[in-house]
Ligand SMILES: CCCCC/C=C\C/C=C\C/C=C\C/C=C\C/C=C\C=C\C(=O)SCCNC(=O)CCNC(=O)[C@H](O)C(C)(C)COP(=O)(O)OP(=O)(O)OC[C@H]1O[C@@H](n2cnc3c(N)ncnc32)[C@H](O)[C@@H]1OP(=O)(O)O
Ligand SMILES: Cc1cc2nc3c(=O)[nH]c(=O)nc-3n(C[C@H](O)[C@H](O)[C@H](O)COP(=O)(O)OP(=O)(O)OC[C@H]3O[C@@H](n4cnc5c(N)ncnc54)[C@H](O)[C@@H]3O)c2cc1C
């Protein structure tokens, strides 16, 4: 990801107009939206000013924009899709001429990415919105033929965006050419009124993400110029000739970009949850360890360390793997630019399973951090509930987790078959060939030994899936049916693959740079990486017992080492979360503030509740008093 001059956090955080007088949880649905538009517009203006003094295209957010935006918004930014999907879709899928045309207004337009429909989110080939070429007028006519074809979920679509990139089935001369992307203006720039032929609105309150302005959009004979189809990969010429893409899946490239990005995003989500819960655990004193000594910091309970230190380690794991995956993405995009698609299937498989594992892990680990803070973790002012609902949305958006794991499984099975035929495999799956050729080592209780063991699990489960599919086919099922019958195991293979990748990349990237770090830093980072790998070896002990030569004695030693690592990390725990360097204004937590004044901040926040503005609420006189007096004995 290119680095541009970034707005210093303290510059942005010093802007009064970005501060909230009333905590967001006390605003109505509508007030919430209006408040984030107020703040988002200030940010949008800053990004726009910043981009003007840069030589590159004036529509990309600075690299730390997401981090600042998340903190200031204290919720999701309704302009997010403009930067996360709308602009990347145009820069990746439009011709240079189209990019110049569509993005000529820079920050003067606000876009979103409208792909999901009421009736379809996963199965893109089933999308119902149509874009039909009108040869006479050199236009596409967009229609939503059914209620289920209405675009439904796109962020910012309800009331914020005035443009969008729409995924629709392309029809030319009566023939359907499948899903393609189209640049569509949906609101008047000056009045913001929906353009004629469109039905627009927001989809209603959600579990979280309530400031994202997820909306719906229906087309009724809505016309756009033919040139508004993004034509980098495939084209429709003026005479109606359709020129197909070298790879029809290039249309899905924007989703790969966000899936790759989400690893770093989840690293940051977890860093915030770990900072809040570890700092709170250092402040909170509760119960005794030795009966004759004072109440202890709850962080001294080993089980509390077990709950929390995995989040510190996982945040680093996702950050490091996110950078590794970003480098892979950038290399594959470079290859595609030179005409080679060879590594696209590998990138797709990696991004699918790593996006899924990182978002799922972020969800349950943030929940674990919340629970580790007891009742106070349940307060909105702790910010842990909001972190949870924001993170867990990512398990679904950008590709639902089960479906993406099945995509990775598709790649593993194909790779297994190639290994059986003696073909060479990419480094990320070459262990399948070693397993097939029975070249694997005896168990070693070391980080490398654990990584090798986790890879053996992947190979063993993948082999079992291949055999299961073959068994169902031999019993008369079609391949697709046999695939469905084996899907429980296929998911297991992908999950195991993702975990092995995370452990391998985390350990070897840390090991690779440790010689360049100060001794103390190298020691602590290696402790975190070893904690992560040992944690997952113990979590997956069942699979290791089935597919490797690990013994009960090895497992006992791993458990002992794990508990040693908890004790080694304990003295550095607060320093480790401080090193995430997340300012109080971005952390937004009464439990996690740097000064540790937890109880004072909790009381200050409670008194901001509108209910505390008066000692007796009017409802007493209106409703309670008559009943109390009536039944008073
Ligand atoms: C304010 C300041 C902010 C600044 C911010 C700056 C940057 C921030 C960036 C990101 C922020 C992070 C997070 C927030 C961003 C967004 C969150 C909010 C919005 C969310 C948006 C969305 O959800 S967009 C919609 C997402 N939808 C999906 O992902 C749909 C999932 N479905 C699919 O992908 C496909 O339908 C399918 C893959 C599941 C099935 O498709 P199908 O055609 O049926 O495929 P097959 O299974 O038959 O396989 C066919 C072959 O195609 C290959 N393939 C499939 N997909 C891809 C792909 N994407 N790339 C490459 N190849 C693909 C597949 O492997 C098969 O190949 P083989 O036949 O060879 O096996
Ligand atoms: C907060 C949020 C923001 C979003 N923002 C956007 C946005 O900006 N733009 C946009 O276009 N979309 C957006 N989405 C939509 C999102 O991309 C879809 O919800 C997602 O792709 C899943 O599709 P679906 O909701 O139709 O679920 P379905 O695909 O209907 O899934 C429902 C269930 O069916 C299962 N299933 C489906 N297919 C299969 C299969 N082949 N094999 C096995 N099981 C299967 C799934 O695993 C799941 O359990 C957003 C969603 C959320 C929650």
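A Cβ is built for glycine as well, from the same backbone N, Cα and C atoms used for every other residue.
Caution: TrEMBL annotation is automatic and unverified by curators.
So that you can see what the record holds, here are the features copied from TrEMBL:
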DOMAIN    9-104  domain 'Acyl-coenzyme A oxidase N-terminal'
BINDING   116, 155  FAD binding site
DOMAIN    252-413  domain 'Acyl-CoA oxidase C-alpha1'
ACT_SITE  398  active site, proton acceptor
DOMAIN    447-628  domain 'Acyl-CoA oxidase C-terminal'
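Sequence features, as recorded in TrEMBL, placed on the structure.
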residue: 116; record: FAD binding site; DSSP class: coil
residue: 155; record: FAD binding site; DSSP class: coil
residue: 398; record: active site, proton acceptor; DSSP class: coil
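Here the domain 'Acyl-coenzyme A oxidase N-terminal' (9-104) has, by DSSP, the following mix of helix, strand and coil residues: 65 helix, 0 strand, 31 coil.
When Cβ atoms from all protein chains are considered, those within 10 Å of residue 116 (FAD binding site) total 18, not counting its own. Comparing residue 116 (FAD binding site) with the residue listed as 'active site, proton acceptor', their Cα atoms are 10 Å apart once rounded. Residue density at residue 155 (FAD binding site): 27 other Cβ atoms are found within 10 A of its Cβ, drawing on all protein chains shown. Each residue contributes its Cα atom, and for the residue listed as 'active site, proton acceptor' and residue 155 (FAD binding site) these two points are 12 Å apart. Taking the Cβ of the residue listed as 'active site, proton acceptor' as centre and 10 Å as the limit, one finds 23 other Cβ atoms among all the protein chains shown.
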